[in-house]
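Read the structure below first, then the notes.
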Amino acid sequence: MSHILTISNLTKKYGSLTAVDNLSFTIEKGNVYGILGPNGSGKSTTLGIVLNVVNKTEGHFHWFDGNTSTHDALKKVGAIIEHPNFYPYMTAVQNLQLVCKIKQVTEERISEKLELVGLLDRKDSKFSSFSLGMKQRLAIASALLNNPEILILDEPTNGLDPQGIHQIREIIKKIASQGTTILLASHLLDEVEKVCSHVVILRKGVSLYSGLVDGMNASHGFLTMQSNDMEALKQALEQNPAFGSFKRQGEYLIAYLKQPMDPSEVNEFLFQKGIVLSHFVKRKESLEEQFLELTKQK
Amino acid sequence: MLRLLNIELHKLRYNRAAKVISIIYFVLITFIALISSIEFNFGDFHFRVADQGIFNFPYIWHFNTYIAAILKLFLAIVIVSMVSNEYSYRTLKQNLIDGLSKKEFILSKFFTVLLFAAVSTIFIFFVSLILGLLFSDYKEIGIIFSGLQYIGAYFLKLVAFFSFCLFLGILVKRSAFALGFLIIWQIVEWLAYGLMKWQIFKDSEIADHVSRIFPLNAMANLIKEPFSRLGAIQSAATQLGENFSKTYEVGFLNMLIVLIWTGLFMYWSYAILKRRDL
């Protein structure tokens, strides 16, 4: 698989504050990546560095095979950072024409991309008359003009209303289904969970986890149970080697699995022991729980 | 180069304020011609400005470039705002993300400065030529095209001045503050000259020599005031026993100083942009 972006030991310091600390990861073609982290964890700074607008303090990064200069490589990249930035006095089309000139691509695709984000009927309206959602969609259209190898989105749904968020997510999914590599920075977990296959988790500029979203979950889930005789239930479960720790939560007993086990097996096992359950749920930790678990470790 | 110029012109083309100011600027240059129609009557005495020799070749090159250079302030507003807008709209960041390098960004602005200066120069050349052909007492080819160094100096002066504006725009990031800074800088040059002349280096020429390298002063020195050169004023002065022995030539050293400043302004603009995190 070919590399699109390689970052190694990247560090950025603002005075005494280290915004990005010795960060390394690789982005490969065809995957959808998420950079996840609370506000101020260095997501935007990292993207700023690879996008040529923030100067790095130490470390390296290179685009593609490393033979092109950053600004030439960026012509094959589509990126949106935080706010949609356009010239307010130009119309949507005029703004996109300018982007075409900068990226040195033909202006033929402007209508196609405006269609994709649903702005074709507003193409001759001034940018300043757009709502935030429309601005954000125009930014996506602009980032797609060069049919980029990778689309970078930094908090694309920030500040949007539910419809706007939904529209943006639909567009992202549509683009991802066409095989474009996507790098999505966000502090919204479900956003990353819904869209991404790989994830890098940052906290205070340090990478805590980097790999598959599914791989983040090392555990095999947990069971929430309730029975008439809670003590007997617990004793029965402790005899079974599949269970690790137990926790009482109100009227429920929570048992964590050490190895994969089907709920029906558990039910059968308990039934043989003469225990009847009145409540039984098997769940995996949500990304949110895993994320909170990860980010509080250090 | 054409690509970069094209990018910048695309940004300016749809900017109504920039368009209006540029048009006013060129219209005002044309209005220099109106000076010719100033006439007054004092009883029997009939005075017509055009007859006083200001439109004579080669003096007209000097006079018109001097007057037109005052109007450069209009374009300075356009230049400063075309830089500071990129900051306030955050489009500088977006331009870089879209694949423009910082060097290309500065170059696209500088080429536009060159274009503005060149168009102004061509414009003033034709306005002067036409006015001269209408009103000049001397119309021999040799005389018409003597004194063209003022046209060259005018071009240089505009390029240097606009480069200074560009640099201030990048340094200060806000158009109003950048223009304010320009005015403050002019005052600083005057104060520095005054302090040297009457306090530090009294009774010597050091102050005059040092002030020659001040950027705005060096630009002003390129085209010296033409009024005291006018025949009518010179004869009046002679009658009063005053003698003008001033040189009105475009000095080579002056041109060099201005060129160096232009280079420095562009280099500093690039250096600032390169160091800055956006």
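Backbone N, Cα and C define each Cβ position, glycine as well.
Residues or ranges marked as domain 'ABC-2 type transporter transmembrane' by TrEMBL: B:63-266.
Residues annotated as transmembrane segment in TrEMBL: B:20-40 (among others). Outside the transmembrane segment (B:20-40), and at least 6 residues removed from its termini, the chain residues within Cβ reach (under 8 Å) are 46-50, 54-55, 64, 67-68, 71, 74-75, 77-78, 120, 123-124, 127, 130-131, 134-135.
TrEMBL lists B:60-83 (among others) with the feature transmembrane segment. Within the chain, the transmembrane segment (B:60-83) has long-range Cβ neighbours (under 8 A, six or more residues past its boundaries) at 8, 11-12, 15, 17-18, 21-22, 24-25, 28-29, 32, 35, 54, 109, 112-113, 116, 120, 124, 127-128, 131-132, 136, 147-148, 150-151, 153-154, 157-158, 161-162, 165-166, 168-170, 175, 178-179, 182, 223-226, 229, 248.
For the transmembrane segment (B:110-135), the list of distant contacts is 1, 4-5, 8-9, 12, 25-26, 29-30, 32-33, 36, 50, 55-57, 60-61, 64-65, 68, 72, 75, 78-79, 82, 144, 151, 154-155, 158-159, 162-163, 166, 266: same-chain residues at least six beyond its ends, Cβ to Cβ under 8 Å. The transmembrane segment feature in TrEMBL is assigned to B:110-135 (among others).
Look at TrEMBL and you will find B:147-169 (among others) tagged as transmembrane segment.
Per TrEMBL, the feature transmembrane segment maps to B:176-196 (among others).
Taken from TrEMBL, the feature transmembrane segment applies to B:252-273 (among others). Beyond the ends of the transmembrane segment (B:252-273), by six or more residues, the same chain brings 102-103, 105-106, 109-110, 153, 156-157, 159-160, 163-164, 166-167, 170-171, 212-213, 215, 218-219, 221-222 to within a C-beta distance below 8 angstroms of the stretch.
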